[in-house]
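A.B. asks: Quick one: the structure is below, and I'll ask about it shortly.
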Amino acid sequence: APNDVTEPDKTPSCFARTHLDSPTRETWTRQMDFMMSCVGFAVGLGNVWRFPYLCYKNGGGVFLIPYVLFIFLGGIPIFFLEIALGQFMKAGSINVWNIAPLFKGLGFASMVIVFFCNTYYIMVLAWGFYYFIKSFSSTLPWSTCDNPWNTENCIEIFRHGDCLNGTIGNSTFGNLTCEELANGRSPIIEFWENKVLNISDGLDEPGAMNWEMLLCLMAVWVMVYFCVWKGVKSTGKIVYFTATFPYVVLIILLVRGVTLPGAYDGIMYYVKPNWSKLGEAQVWIDAGTQIFFSYAIGLGALTALGSYNRFNNDCYKDAFVLAFINSGTSFFSGFVVFSILGFMASEQGVDISKVAESGPGLAFIAYPKAVSMMPVAPVWAALFFIMLLLLGLDSQFVGVEGFVTGILDLFPGKYYMRYQREIAVAICCLLCFIIDISMVTQGGMYVFQLFDYYSASGMTLLWQAFWECVVVAWVYGADRFMDDIARMIGYRPFPWMKWCWSFITPCVCMGIFLFHLLNYKPLTYNNVYVYPWWGEVIGWCMALSSMLCIPVSFVYKLSGAKGTFRERWEILTKPVWGAHHLEYMAPDTDIKSLASLSPGTEENKVIIFESVM
């Protein structure tokens, strides 16, 4: 402890212990590394394959009204809360809750969620990598029906419009009748289901291993490992490429897309407002859920990224800039996607609603079909899938970074060993890879969807965000945390943040959470296959494995403490400070410059200081 602290008995004992035990935490080489890592993590596949479809489905341009509203009611406040919390506590997703140790279960919950995310999300990258490799051929394998995996029902050109008008001739399709054409299957769907997935009849039929897909999965995990193994010093450099190059590809695809026939109709479908949709509850729920998904809230990775910031970094400004980039990317990518889908609808002579897809359906069915219709198709296919790969890759390795950071923070400095990080990253990647093997079998898609629907679903993220706001605003104190932020960045954020954390955001989170719960529907695949009861039980176990961390940890800590309930509460909600707080919050720190920017009197200056000591 510094010599000028005159009353050491008033300083929490944890200062001295932490100061001696903890190694110095590394920081970003430059602040732009942090910004790029946040962009890379938060801007992912959801921005490209989910937002445009939701916008089209929920009234076009009208969807932006609830979307923007939820950005300010939930997105930015929690985004800022997580980054500021990590920066203030200089810890990963578990130790950051030393700010209120009784609720450390929040940290374990976020670790469980991000572990599940890291496990299943990489399968999308493996599929993308497989398509990328297959793009290097003169004829795209999903554009023709003369491949070993195609069935007798495969038809390259449908022309349903001509069939309905009665103008079709037998000469075009040999002896096929309109009834037989109606049962036809596109070569892209057959490539996806018969070649890539080789899908079985259900979850209870895992079937054989897809060795090509296993090699792709292994290759992607190796890439992730070497992006993360050296920590933020290397991650901060790699992310410059992985976060920016997708924008280059998006611009190229947009320029190509708007020059295609039918592109204007596609874009009009995307943005044309349907005001009647504003009265539907589902539109508002979709907007709120999309914000939590695309802002990567509740995963703990933003906290880990913020923990590597300089203590005095202006994270308030960063939060707004990053939110603008994230939502701007979502809106921009809609023009790219729907210009291509408009062209696809025009080529097939069908309404755009027939080709508009979301999720893997857009990435691996609709879009590959569209590029197969373009001149020089392999070039556009390769460009699209390299963009898909990079969009997902930085989200993946920052997620792994957040998980590893949380684990390593649990070990004090005295347990430090050489190559500790490299070994931890290797164990994490290997463990996830072993679980992923179940997703490269014939029944792998059913396992993937089980993870996607339950483990990191809207309900788990909303539950996590609700408790984050409650703990910071009501247990630690919203005013107190605002004072701490003022100590870091030199001025108090607008009071709107405090109001959101205390009232608005928890209400929004709980409202959407209850809507999801009340409107729960059993999981299905392609609206046809219904999961067996034991499959749903496994799914709910994954969801509850993170959600129950909070109440179970709460009860365990409270029951293990001594004294009356009030005494236990006071002891267990008393923050455990780190060594850096002593360094930055020493009494000789110049506080006059802060006072000039902070509203209040002389007493307020003392409160700002006391809230940290």
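Yeah, the Cβs are placed from backbone N, Cα and C, and that goes for glycine too.
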A.B. asks: Choosing among CYS154, CYS163, which residue does TrEMBL name as bonded to CYS145 by a disulfide?
C.D. replies: CYS154
A.B. asks: Does the structure show the transmembrane segment (461-478) and the transmembrane segment (379-411) touching, where I'm treating 3 or more Cβ pairs under 8 angstroms (sequence separation 6 or more) as a contact?
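C.D. replies: Checked: the transmembrane segment (461-478) vs the transmembrane segment (379-411), no contact.
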A.B. asks: Any contact between the transmembrane segment (106-133) and the transmembrane segment (320-345), i.e. 3 or more CB pairs below 8 Å with pairs at least 6 residues apart?
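C.D. replies: They do not touch: fewer than three Cβ pairs between the two stretches lie under 8 Å.
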A.B. asks: With pairs 6 or more apart in sequence, are the transmembrane segment (284-308) and the transmembrane segment (423-441) linked by at least 3 Cβ pairs under 8 Å?
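C.D. replies: Contact between the transmembrane segment (423-441) and the transmembrane segment (284-308): absent, because fewer than 3 Cβ pairs are under 8 Å.
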A.B. asks: Looking only at C-alpha atoms, tell me how far CYS154 (disulfide bond) is from SER395 (Na(+) binding site), rounded to the nearest Å.
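C.D. replies: Approximately 36 Å lies between the Cα of CYS154 (disulfide bond) and that of SER395 (Na(+) binding site).
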A.B. asks: Other residues with Cβ within 8 Å of the Cβ centroid of GLY40, ALA42, VAL43, ASN47, SER294, ASN326, LEU391, ASP394, SER395 at the Na(+) site?
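C.D. replies: Not counting the recorded site residues, we get VAL39, PHE41, GLY44, LEU45, GLY46, ALA243, ALA296, THR329.
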A.B. asks: How many Å lie between the Cα of LEU391 (Na(+) binding site) and the Cα of CYS145 (disulfide bond)?
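C.D. replies: Pair distance, Cα basis, whole Å: 31 Å.
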A.B. asks: Given the transmembrane segment (320-345), which of the listed stretches 240-264, 379-411, 423-441 has the most Cβ pairs that are under 8 Å apart from it?
C.D. replies: 240-264
A.B. asks: Have a look at the binding-site residues (SER294, SER395) and report the one with the fewest Cβ neighbours inside 10 Å.
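C.D. replies: Result for the binding-site residues SER294, SER395: minimum number of other Cβ atoms within 10 Å at SER294.
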